[in-house]
Each structure stands twice: as structure tokens, then as C-alpha cells.
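Step one of this worksheet: look at the structure below.
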Amino acid sequence: MSVLLALCVALLPLVTPGRGTRQWEPCTDLRPLDILAEAVPPDGAAARIRVVQVQGARGLQLLAAAPRALSFPASRVFFRCDFFPEEFSIVVTLKAPSLPPKKNEYLLTVMAEGLDALLLGLLYSAARLHFLFRSEDAAGIWQTRVSFRSPALMDGQWHTLVLAVSEDSFSLTTDCGLPVDIMADVPFPATLSVRGAQFFIGSRRRTKGLFTGLLRQLVLLPGADATPWLCPCKNAELAVLSIPRILQGLTGKLEDNEVLKYPFETDMRVTLGPRPPCTKAEDAQFWVDAGRKGLHLCVGSEWVSVLAAKERLDYVEEHQSLFTDSETLGIEVFAIPEAGLFIATANRKATSAIYKWTDGKFASYQDIPTHQAQSWRHFTIGKKIFLAVANFEPNEKGQEFSVIYKWSQRRLRFTPYQRVPTHSARDWEAFEVAGEHFLAVANHREGDNHNIDSVIYKWNPGTRLFEANQTIATSGAYDWEFFTVGPYAFLAVANAFNGTSTRLQSRLYVRLAGSFQLFQSFLSRLPASCCPPGTPSSPAPAARAP
């Protein structure tokens, strides 16, 4: 019995607190350890890192020339002993770039002292997120990899991940969603020594595998799963456990504004053009009202004026002078899909021209022979693109006609398509009624006779030509205009001269029972000062053709 008593006395100091033993303590405080804040240097410019703001949130970006910019010794956080926690969670908020299939980028590594030996690492690829750790037993040392099917990280958005580790249980939660759990064959070691080790953020101490995206949050929480600390969260993609001060909001005091110590850039978008919507997507974005020379900021749901020019009357400034071969009597502006914007000028002499908008101005594109052209009319039928010219004078052979040109997709030019007999044509009007296509020509005179018929042509899908459909008596016709009122189609003609007077009736026709019928007449008169004397448009003192 004396031997037993002596043994109890010998063991007593080992089981009595404060008497030959020390109570167990963790290697670090059981609180969130902001790994990113520990690694952020005091001078970002010198360390080759920059602050980038995207979608209203800031993150840190490493430069390729500085893979060791964000690093610090493990002893800074494990100050009571040299072992990594057996149970822990890692919180990462990142904006990941797109990666090719076989490329990996590191988010965090813990590297052994003096060796290129990885003790612990977190990296991702296009398809998976990998957690690596060093395992050791009597058989030797090896690296264990736990891989999760990659959540949709590479969608250009911010995401917050929580990796929780407890022995052989590994769990990944993305944006406070449902966790993905894995039971591994090899548990995380209870005694992973980090003596002399170094934390590296976004790299493995070298350029290969350097993280090229943005890091906003990197927190180690010893002894607990951080998911209940973060979730539920209204903005789960940017859930915050702890972020460096440099990535938080501005303090408002210039001397305390640490953002200025780091190269800073943002994805601020400036919108030009008409007033865009101001919604959550445009929040904190600018809109430039170029017309009124104003700058506006989207705040909440309203555009707030930041800079405004003094209001003044609208006016037109000269942009470009177009030099033509002769007097230009008409201009037609039109656009051709996949070809551009064009202007057709109706020139009095033998050649009219087409100009194309190029490098901020109209440049000569195509010359077309015409005979005292009065006007052009652009129109389409299905995918066919047409341009009709109204010729006022006959050609060299005395033939009097106007021409319809068709756009050639192969040659990218207008080519002659159909000749139409006309008499001193002034104008074409193209229109559609109930799916049928029409062209109306304003015939001004035939010789000295101004009281002649103008003609309405109708497109024949079978022959793919325009054919005369209806004639309408006119007197020195100048112009046609088509319009609709409810279900009714109207066609108005401006009569200018009947051989003796410019004071006469212009007519309005309505389409009924397949033809245009007189609906209303208007007393009209061509002003004597409308055109310079001697031009084909000006009425002569006697009964001479205007």
C-alpha cells in the first residue's frame, strides 16, 4: 500500500492545475484572423499592388512582377505555438478571371521555411476548387488534395466562398447557398507544423499560378465554421466577416484616405447618347448629355446633375461642305444594313452622286449618269433595296425616262434595274398598301403641255418589275405625298402650272376598291419667287413651261 501511496503522490503535480502543468491554449486567438489585412503593405505602389473598384466593390490586384507582394510570416498570427488549427474555416471574397481549361491560380498558400514545399494551399481552375495540405505518417510525407466541383466563379461577378475543415470533413459554401460536403480518406492533420512558414496571398511564392483576379476578403477563422457568422445575408456575394481598411468606404478626410496610397482604378462607366434608365445596375455611373453638355450621376433611381452648361437656344452648326458638279435640286438620305449611311444628290447636269458616311464625314462613293435630275427616292421591297431618280430632261437620243436602280450585294453599288417612261419627272413617291408596293411619278409636262397624266406603278412579284397601274390627270405636277389615316390610304399631288396660271387646284385621293379616287381639292398657287428666273421650275410670264 505504501508503494501505491508513493505513486499517487508522484503523479499529483501532473493532474493539479498550476502545480507542474499548464492549461491547454490554442496557438492563436479564436477570432477571425484577417489574413489579407495582415499582408497588405503600407505602401501599395512600392509593393506593386493596386486597388480596383468593380461593380461598386473594391478589391486588391497583384501585378505579375510581384508574386511575393502579399506575404507575412506565420508566427505573426500563430504566436503561442507552431501548429495550424485542426478545425478552421477560410472565407474568400473574390472576382475571378476566366481561365483556360488546364490552368490553376492560387488564392492562398502556406509555404515551408526555405523550401518550395507547400504546407497548405487553396487554388481554383476552370472546373474545380482545390484545397491542398501536407500529410505525414510513418510511411512518409505526401500532399493531399480535396477537390470541389467549381462553383460558377468565372461569370464576371463577385463571390464569397467559405471552406470549413474539421478532421476528415470538408465543406464549401458559395454565396450563402447550400453547402457541398466531402468526407475525405485522409483527415486534415492535427499537428501541421508551421514553424518558420510563410503565408502568401494569391501566389505560391512565384509568378506561375499567380492570381490575376481581384481579392476583397481572406479570413481564417480558427475552431469554427464561418458560415453562420455570414449567412443569411442580403448581399451574399459580398458578405463581410472582415476586410482590410483600404477596401472599405472612404473616411472623408484626405489625410486618412488610404486609397490614395495605392494605385486606384474603377470600372466607372460613362454613358453617351439619349437619357438612359437610372436603376440599381447604373448606380454610381455617369451619363453625359452631349446635346446639352451636361454631366449626370445616377443616385438611387434619379439622375443628379453634376455639371451643366448654361442653357441657350438650339442652333445648327456647319459640319461639312459637299461640292457637287452642278446645282443640286434634291437630296435623299438613307441607310443600307451592313453597308452604312448614304446621301444621294440630284444634280442638274449629267452626273449625280452618292456619298457614304466615312470617318465622321460624307465621302464620294458612286457617280450615276442622270439628265437634269430633280429628286431621288430610296425604298425597299423585302430584302431588295432600290433608289429611283426623277429625270427632268431627255437623254442625248431624245429618249425621256427615269431610272430605278437596285443595290448589288456583290458589287456594293447601285446598278440600273428598270427604265420607266416619264415626262419631265419631278418626284417619285414609294409606298405600300395592304402588302402591295407602289411608285407614283409626278410628270410635270410633255413639251409645252402641262396638263398630262401622272402615273402610279405597281410592283409585280411575278415579273419583278413595276407596271403601270393607274393614271391620274395632273397639271404641272411637282410632288406626291402618301399618308394613312386609320384604315384609309391617301395620296396627295401638288399641281403647279396649267399652262396659263399657277393658281389652280391640288388634289387629294383616297384608295377605294383597288384604285385611288378623288377625295378633296385644295386651291394652291406656286409663288412667283419660288425659283430663279430661267430655271425649269419657274413659271414664265407667258404660257411657257415653268
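Start at 1 and count along the chain as shown; that gives each residue its number.
Note that Cβ sites are derived from N, Cα and C of the backbone, with glycine treated the same way.
According to TrEMBL:
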SIGNAL    1-20  signal peptide
DOMAIN    42-224  domain 'Thrombospondin-like N-terminal'
REPEAT    314-359  repeat 'EAR'
REPEAT    361-409  repeat 'EAR'
REPEAT    413-461  repeat 'EAR'
REPEAT    465-508  repeat 'EAR'
Remote residues contacting the repeat 'EAR' (465-508) - C-beta distance under 8 A, at least 6 residues beyond either end: 404, 418, 420, 426-429, 431, 433, 438-445, 448-459, 515-516, 518-526, 528, 539, 543, 545-546
Helix, strand and coil totals (DSSP H, G, I; E, B; other) for the repeat 'EAR' (465-508): 0 helix, 34 strand, 10 coil
Model confidence over the repeat 'EAR' (314-359), averaged pLDDT: 91
The repeat 'EAR' (361-409) - residue tally per DSSP class, helix then strand then coil: 0 helix, 34 strand, 15 coil
